[in-house]
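S.K.: Here Swiss-Prot flags Gly181, Met182, Gly183, Gly184, Val185, Gly186, Lys187, Thr188 as ATP binding site. The feature coiled coil is assigned by Swiss-Prot to 25-69, with sequence analysis given as support. For 139-442, the entry in Swiss-Prot reads domain 'NB-ARC'. The region 'Disordered' annotation in Swiss-Prot covers 134-154. According to Swiss-Prot, the repeat 'LRR 1' annotation covers 525-546. Per Swiss-Prot, repeat 'LRR 2' is recorded for 547-568. Taken from Swiss-Prot, the feature repeat 'LRR 3' covers 571-594. Annotation source Swiss-Prot lists repeat 'LRR 4' at 595-617. Positions annotated as repeat 'LRR 5' by Swiss-Prot: 618-640. If you look up Swiss-Prot, you'll see 641-663 marked as repeat 'LRR 6'.
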Amino acid sequence: MGSCFSFQIAVGDQTMNRIFDCLIGKSYIRTLEKNLRALQREMEDLRATQHEVQNKVAREESRHQQRLEAVQVWLDRVNSIDIECKDLLSVSPVELQKLCLCGLCTKYVCSSYKYGKKVFLLLEEVKILKSEGNFDEVSQPPPRSEVEERPTQPTIGQEEMLEKAWNRLMEDGVGIMGLHGMGGVGKTTLFKKIHNKFAEIGGTFDIVIWIVVSQGAKLSKLQEDIAEKLHLCDDLWKNKNESDKATDIHRVLKGKRFVLMLDDIWEKVDLEAIGIPYPSEVNKCKVAFTTRSREVCGEMGDHKPMQVNCLEPEDAWELFKNKVGDNTLSSDPVIVGLAREVAQKCRGLPLALNVIGETMASKTMVQEWEYAIDVLTRSAAEFSGMENKILPILKYSYDSLGDEHIKSCFLYCALFPEDGQIYTETLIDKLICEGFIGEDQVIKRARNKGYAMLGTLTRANLLTKVGTELANLLTKVSIYHCVMHDVVREMALWIASDFGKQKENFVVQASAGLHEIPEVKDWGAVRRMSLMRNEIEEITCESKCSELTTLFLQSNQLKNLSGEFIRYMQKLVVLDLSDNRDFNELPEQISGLVSLQYLDLSFTRIEQLPVGLKELKKLTFLDLAYTARLCSISGISRLLSLRVLSLLGSKVHGDASVLKELQQLENLQDLAITLSAELISLDQRLAKVISILGIEGFLQKPFDLSFLASMENLSSLWVKNSYFSEIKCRESETDSSYLHINPKIPCFTNLSRLDIVKCHSMKDLTWILFAPNLVVLFIEDSREVGEIINKEKATNLTSITPFLKLERLILCYLPKLESIYWSPLPFPLLLNIDVEECPKLRKLPLNATSAPKVEEFRILMYPPELEWEDEDTKNRFLPEMVSTSTSSKDPLLRNGIPRCLKSESTLLLLILLYLSSCRAFGLYN
């Protein structure tokens, strides 16, 4: 320790007493080493006790308990002591060096004394804290929150949705959450359940504010409702302007962790103008709302809102049973089956299930139930409770549309059958002719506006998008289909008939099993008539429909249409006769339909166009697709207003005179046509308007693709029964083994669908690298195809990543196919890969990161054995594999039925639609 210091002092001197006290009195210096060791040991024990207490607190808080204030004070003191202890121990080596005489003395009396005293006192405090850390209780129930439980009825089928919505709202990164869904679907009930959970968990939030907004609510009313919850609404406050009120609301809420719940909003609520602090991860506040419009969700800042859907069939039946009651259901064995049928009419809509269930609760006679089914089938608006309890509630969604054209578009959709898919492209073309989309003469712009209008209806939950998995294979052009909920459809028909006062305005008996035209009391009152999807064979009656503008007769068994029936239809704008497979002749009285703009004769046996057709000066849309017996369209050049024409799959595609007729149609903007070998040379203007092209019977080797480059609007191409070894663009005639691409040739930017069928000499399709927006690729029965994209031919095109827009890849009966692409591809939008009878294809161009955002990705493959890029890829995609059987040629009729097809009727409908589409595209003979 070094030499000890010496000093001389008289005994009894005051200085000596102080030194003695420093060295011996409290033993701060003499016991310093011992105290330091004890402090380290006791501090370690205290930390262990601290961890035990913290774990107890965490467990209790996970049970929504609140930690005791004494526990928090103790934990804060431990943290403070821990810091102080670390500081003291960090300088202990220096302090120990100051000691001498085996620790009995020190070179620096004052500093060693002070340090020793701090160590001693800290040691005592650590011991005290350690003894105080033995808590019997670390928490207590939280104080009652300012959340008044809202009365709710028991719910059925919403438990999973409630859990998902609650968990999402409680996520740290979620400040704003929207729930959207159609009227009557149960949004408010679900919202109340969420509200009441805040009452269950207690003081996590300082205040939960519930506000019913409703349609047309003003800012001042919202401020007043919120102020009442915050106890601000005195006379002085009421006299302030909106800006000052917002300041007061913001001042109160800024210091609180709040939840604002806005039920039933119809437009964006300006939170800032009201005075609501914007929710963030810092303030941990929440704003939740319900709305019928997905568009409002986006405007409010929730770009991933949660949709509240109708109940599944079994949940709907359970709810309906509860409303009807066991006594009624057990009163007669037959009633249970009838009750199920009534419940099915509600299509899972809780509002309808509740109202109709309550109405039927006292009905114990079988005949009463049979009558209810008849009314709900024939005219649901007449059912008790429908006009005053269901339809007016749904009508709010219609009223909120604002734009009269969009309202008319919505009502027009009611002409289609219940549960029927509405093909968007044909619907929009009809809406254009009806005048609902405006006066734009450019078809593409008008169609885009039509899609925007349907988007508005979809976001308002008045229509539902369907067919994202199968749509591109089931339709000719449509990107998607839409359907209208049955109860919403009844609301539309109710509105269209002036709330039931003029039922003959809209005569809609689609899919009604009719064998003849229904009786109509006043033909002169009929504005629109839909008799599609029935079994009507003849229409021979006379009808004076002088006001009729729309007539749907498609998908019947029509053989004869009397001229007397259409004689007085001078105002008829839309006439759809498609899919009448035995219909072979239009009456000459067609010439009297002077207002006709839309005529669909596709999938009929019509053999020639009537001479009077040329009198239809306003005809804008003419569909003659798949008229296999139509020999001539002579005189069509007289239809000077024609803008859209389809001759796809028609027999006239082999007649060169057709092109001469078409070249005279100066206003033609959209043409679908099938070309045979002798018609490869096209007028430049005509080529530019082709949107759908079928090619059949080409024998060139190789096939020069250059003539297609001028078809700048080509969206769909199918090639059938053609024999060429490759498809190429003209650049060099000397080397036919490579794909020669001329950079000056525009790529096929609009091509979204490609079908290759029975092209037995083709070896690859490398040229599709120049179709960057391809959505569907279908290749079938082409024996020589060995690869989709050839690596050697694409050597100079490595900068192009193929299939970035592809959703559906179907490969069938390709015995030599070994490769799709030589390395993994991202496939950001891919939904399905369907492979059948491609025995040499053992590897798909996938890795673990392919198809990243697709929830319903599916692979149908027979046989299912594959080589994978790596183990991660296998784990990613193997669960999505569906083995297919070899019993069917059709890729949709195999065992790998999509998960979305839950009912036999839906599956049958899709199969029939698909087969129809395959015939339409000429995929099957």
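Going from the start of the chain as shown, residues are counted 1 onward.
Placed from the backbone N, Cα and C atoms, the Cβ positions cover glycine too.
The model shown is predicted, which means the values in this text are computed figures rather than measured ones.
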S.K.: Give residue numbers and ranges for long-range contacts of the repeat 'LRR 5' (618-640): same chain, 6 or more residues beyond its ends, CB-CB under 8 A.
M.R.: 429-430, 432-433, 476, 578, 584, 594-609, 611, 646-652, 655, 657-658, 661-662, 664-667, 672, 919-920
S.K.: For the repeat 'LRR 4' (595-617), could you work out the same-chain residues 6 or more beyond its ends whose Cβ comes under 8 Å from its Cβ atoms?
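M.R.: For the repeat 'LRR 4' (595-617), the nonlocal Cβ contacts are 426, 429-430, 433, 549, 554, 570-589, 623-636, 638-641, 646, 916, 920.
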S.K.: Under 8 Å Cβ to Cβ from Gly184 (ATP binding site), same chain, six or more residues apart: give me those in sequence order, or none if nothing qualifies.
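M.R.: Once residues fewer than 6 apart are set aside, Gly184 (ATP binding site) is near Leu349, Pro350, Leu351, Ala352, Ile390, Ile393, Leu394, Val487.
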S.K.: Can you name every residue in this chain, apart from Gly181, Met182, Gly183, Gly184, Val185, Gly186, Lys187, Thr188, with its Cβ inside 8 Å of the center of the Cβ atoms of the recorded ATP site?
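M.R.: Apart from Gly181, Met182, Gly183, Gly184, Val185, Gly186, Lys187, Thr188, the close residues are Arg292, Val308, Leu349, Pro350, Leu351.
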S.K.: For Met182 (ATP binding site), which residues of its chain lie six or more apart in sequence with Cβ-Cβ distance below 8 Å?
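M.R.: Once residues fewer than 6 apart are set aside, Met182 (ATP binding site) is near Arg292, Cys310, Leu349, Leu394, Ser397, Asn461, Leu462, His485, Val488.
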S.K.: When you scan the chain for residues with a C-beta under 8 Å from the repeat 'LRR 6' (641-663), skipping those not six or more beyond its ends, what do you find?
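M.R.: For the repeat 'LRR 6' (641-663), the sequence-distant neighbours (Cβ-Cβ under 8 Å, at least 6 residues beyond its ends) are 429, 441, 443, 476, 597, 602, 617-635, 669-676, 678-679, 682-683, 685-686, 692, 694, 696, 920-922.
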S.K.: Given a 10 Å Cβ-Cβ cut-off, pick out the one of the binding-site residues Gly181, Gly183, Gly186 that has the most other Cβ atoms nearby.
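M.R.: Highest number of other Cβ atoms within 10 Å: Gly186.
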S.K.: For Thr188 (ATP binding site), what residues in its own chain, 6 or more apart in sequence, show a Cβ-Cβ distance under 8 Å?
M.R.: Asp263, Asp264, Thr290
S.K.: Please work out the helix, strand and coil residue numbers for the repeat 'LRR 3' (571-594) from the DSSP assignment.
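M.R.: Result for the repeat 'LRR 3' (571-594), in helix, strand, coil order: 5 helix, 3 strand, 16 coil.
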S.K.: For the repeat 'LRR 6' (641-663), what's the model's average pLDDT?
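M.R.: Summarising the repeat 'LRR 6' (641-663) by its mean pLDDT gives 85.
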S.K.: My understanding is the cutoff is Cβ-Cβ under 8 Å with a sequence separation of 6 or more in the same chain; which residues meet that for Val185 (ATP binding site)?
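M.R.: Once residues fewer than 6 apart are set aside, Val185 (ATP binding site) is near Val308, Asn309, Cys310, Leu349, Pro350, Leu351, Asn461.
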S.K.: Within the chain of Lys187 (ATP binding site), which residues six or more apart in sequence place their C-beta under 8 angstroms from its C-beta?
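M.R.: The list for Lys187 (ATP binding site) reads Leu179, His180, Gly181, Asp263, Asp264, Thr290, Thr291, Arg292, Val308, given in order along the sequence.
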S.K.: Based on DSSP, name the secondary structure state of Gly186 (ATP binding site): helix, strand or coil.
M.R.: coil
